[in-house]
Amino acid sequence: MNKEERAKRQSKIRNFSIIAHIDHGKSTLADRILEKTNALTQREMKAQLLDSMDLERERGITIKLNAVQLTYKAKDGEEYILHLIDTPGHVDFTYEVSRSLAACEGAILVVDAAQGIEAQTLANVYLALDNDLEILPVINKIDLPSADPERVRQEVEDVIGLDASEAVLASAKAGIGIEEILEQIVEKVPAPDGDPEEPLQCMIFDSLYDPYRGVIAYIRVVNGTVKVGDKVRMMATGKEFEVTEVGVFTPKTTQRDELTVGDVGFLAASIKNVGDTRVGDTITHAKRPAAEPLPGYRKLNPMVFCGLYPIDTARYNDLREALEKLQLNDSALEFEPETSQALGFGFRCGFLGLLHMEIIQERIEREFKIDLITTAPSVIYKVYLTNGEEIVVDNPSNMPDPQSIDRVEEPYVKASIMVPNDYVGAVMEICQGKRGTFIDMQYLDETRVTLTYEIPLSEIVYDFFDQLKSNTKGYASFDYELIGYQVSKLVKMDILLNGEQVDALSFIVHRDSAYDRGKVIVEKLKELIPRQQFEVPIQAAIGNKIVARSTIKAMRKNVLAKCYGGDISRKRKLLEKQKEGKKRMKSVGSVEVPQEAFMAVLRMDDDK
């Protein structure tokens, strides 16, 4: 391609993504756009085409981002190349969104005509504005009986401050308004500005592992041109590779000779090691490197930690491989080996949030067929010791001795909750129960309110989201951001079975609710742990002080069954003998703890 052809082609490229709250119809809209641009034959078309993971289709959410190249013949007779980068909408996957937005020039904002704007819509819009994207509002699901497009249009203007006078009214399901959306993309989204002659700069916004071709990086070319056979360098790791293939997704992978400015596609270079391609890294030429890497990507820190252990301990190495493969295109997942007396060898994993944790767990169980035990999730605490030292604790069993602790700080988040008027009381009650501090309350319109609270992250980790949804009949939407650490009265609670501490059941709790929590968990474990041949005491302890206790009664055989009437001393002898046996058993016996017992530690808030 010569210089003029490249420039002409570049002016016809439009890179955009679709942002929306969960269930506002983003994946369906993506399907319609693919259909309209004839990217697929009718036979290949299936609902939620870009949600390629089974788990995504089942839960009806988008987890991984996907990129696809489309050609569209606009009304002005010209052919345009559209790159659609699909994004997730759930709060845990904001980082997936920030990655795909960094690769675009425009974003379609989908808002449900019945529901209006929700918390995560706002969060994603602010991300898009941070990346200086052109935002095109689309009001979707106008064919619903409860749709009120005019109210929603007003809401977009009032709450977000976007001009919604030209917002497209659409129904992705019925295929209404799709052409107008495509025309607006062509008209309003700017073409990529980059120079194909400059040193190469490509941003990696995702990657996946192919056992035959090695790591395949999903890239957006910002400056320069990359061809097969080029020697390229990863700017974060400094590793160099030779490009073996480049191409685009139409949604199938299609090989090309080169990728140039504005292209969104893939690059393979026989990269064998997962750690060599970091998502968010910049690829440049080895011989003529760019002066600096591209901005627009931040390292994500996990917020929630838990232990993952294989039920069959022989599969420890398989679990390591599974985690490494998942980490490849999920840069926010972190893990390190750990051991537990109760569970053997496993990994301490860091996640962005609870949904992220559940999904990684399910993917390991499905894709790698490994049965897992998970321990209670915890957050990172900062512990200041009396000798002035500061230590970071992400695992309750690493908590130092209470006597040596000066103070403990825990992470707090700022939670914005959007909720209909009728449920404000219920939401406030939940937040106060979770040690939340009320900050602000704003009315969006006559029917909806945004509440802002500061809440300890450890309280959100358990079941805040479930409680919020069930107490507001599913109407509340919720978004949170970390704001820093604050001092709290926290203590570590240990659970003792038969006098022995089970390290995997330890958790960190606020002193005020320690007694209640200990009581609930001891009762719950009593139901879940099967009866043994001997009596098993279950105790909850803080340091050396026992705060709650319950006992699992022993199973016993009726040793008197063969005595008919007769002598009491004979009966007494048999009972004494049984008692002696139980005593001996108790001193050597160990108690098996079922998986449900570990989960009980998580779910104990339900009964309170």
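Every residue, even glycine, has its Cβ placed from backbone N, Cα and C.
Annotation comment: Swiss-Prot describes Asp23, His24, Gly25, Lys26, Ser27, Thr28, Asn140, Lys141, Ile142, Asp143 as GTP binding site, evidence class sequence analysis. Around Ile142 (GTP binding site), a 10 Å sphere centred on its CB holds 19 further CB atoms from the protein chains shown.
What Swiss-Prot records for 11-193 is domain 'tr-type G'.
Here the binding-site residues are Ser27, Asn140, and the one ringed by the most other CB atoms within 10 angstroms is Asn140. In the three-state DSSP classification, Ile142 (GTP binding site) falls within coil.
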